[in-house]
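Per Swiss-Prot, the features are as follows:
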- 29-35, 71-75, 130-133: GTP binding site (BINDING)
- 1-19: intramembrane segment (INTRAMEM)
Amino acid sequence: MIALFNKLLDWFKALFWKEEMELTLVGLQYSGKTTFVNVIASGQFNEDMIPTVGFNMRKITKGNVTIKLWDIGGQPRFRSMWERYCRGVSAIVYMVDAADQEKIEASKNELHNLLDKPQLQGIPVLVLGNKRDLPGALDEKELIEKMNLSAIQDREICCYSISCKEKDNIDITLQWLIQHSKSRRS
């Protein structure tokens, strides 16, 4: 009965109130961050992406939720900016190229260094292993192990294996983020 009431209340709120969430998307260069933003925004995959220089900000509306998405460059010279753009957001989305196993160790180190920053304590993290359509790509279980995600105890953390190219698991990623946005405000 309570679950039914909560669903009815959510539906009623959706009629009258727009929800907003702010996300920061970080990860090493060529992991698919900008592609992810474009797939969410337009449903289109573009093979010819140019690496992000600095950052891009995009607002995307899905249903009654407006998502303000900060897409931060992944080259070494931009990584010092990650912390600043991650402060106070609803969630941090950390993109990993799951098919490039040579960069997994560096990706793990960058993630853990970022999450060690005191200003980011408690902010939830969604780790996305992109490019699951490529041969040799790590699955969720392997990503959790190689990225040492089980060591992250001070916040909510979730991991999905996705393919921006094939649009695999993009919908559940959005559902998690939107649901998470609702639970953070409750």
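Glycine too: its Cβ is placed from the backbone N, Cα and C atoms.
Everything Swiss-Prot records as a feature, shown here on the structure.
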residue	record	Cβ within 10 Å
GLN29	GTP binding site	15
SER31	GTP binding site	26
LYS33	GTP binding site	28
THR35	GTP binding site	21
ILE72	GTP binding site	21
GLY74	GTP binding site	24
ASN130	GTP binding site	28
ARG132	GTP binding site	22
Indicate whether GLY74 (GTP binding site) is helix, strand or coil by DSSP. coil
What kind of secondary structure is ASN130 (GTP binding site) part of, going by DSSP in three states? strand
